[in-house]
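> Please see the structure below; I have some questions.
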Amino acid sequence: MLFSFLIAIFVIIFDQLIKYWCVMNLPFQQPQVFIPNFINLTYLHNYGAGWGMMQGRALFFIFITIFIVGYLCYLIYKHQNDSPIIRCTYGLLLGGAVGNLIDRVRLGYVIDMIQLDFINFPVFNIADAALTLGCIALILIIFTDQEGKDYL
């Protein structure tokens, strides 16, 4: 159980530190080259969900995220003796959810900054990356599990 929460705490701290750095050092909505032809840093405010969908529904996302955070805590407790992979997966999901929840509660929007230069993809943040990795890992775990365990 501790392992999952340590992963989540690491994601939250890293996410919030990067967001703070961006606010303090990057001009708003002006891409800055980080790794040429690969990654730009573009400080944006996202008032919606992924890809900017459902703009202006911060309260809705706050309540949904609180529910998801509670459910993830239950899953972490339920699977505390499972493999480190599943515990890391839940930690990534929890850290990503809380990282963006902090922004929504504190600011009313989520700070995004990572822009992939080589593909047309929405700007995202560390919490989004953790959520994406966690979702991919969970899908792989569910579809490759030989024992038929209930991970949800």
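Using the three backbone atoms N, Cα and C, a Cβ is placed for every residue, glycine included.
Annotated active site per TrEMBL: D112, D128, in sequence order. Sequence annotations record features per position, and here TrEMBL assigns transmembrane segment to 58-77, 122-143.
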> Fewest other CB within 10 angstroms, which one of the active-site residues D112, D128?
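Candidates: the active-site residues D112, D128. Fewest Cβ atoms within 10 Å: D128.
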> Using a Cβ cut-off under 8 Å, which residues of the same chain at least 6 positions beyond either end of the transmembrane segment (122-143) come close to it?
11-12, 14-15, 18-19, 42, 44, 46, 50-52, 85-86, 88-93, 95-100, 110-115, 151-152
> Please report how many Å separate the Cα atom of D112 (active site) from that of D128 (active site), as a whole number.
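Cα-Cα, rounded: 9 Å.
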> Is D128 (active site) helix, strand or coil when read with DSSP?
helix
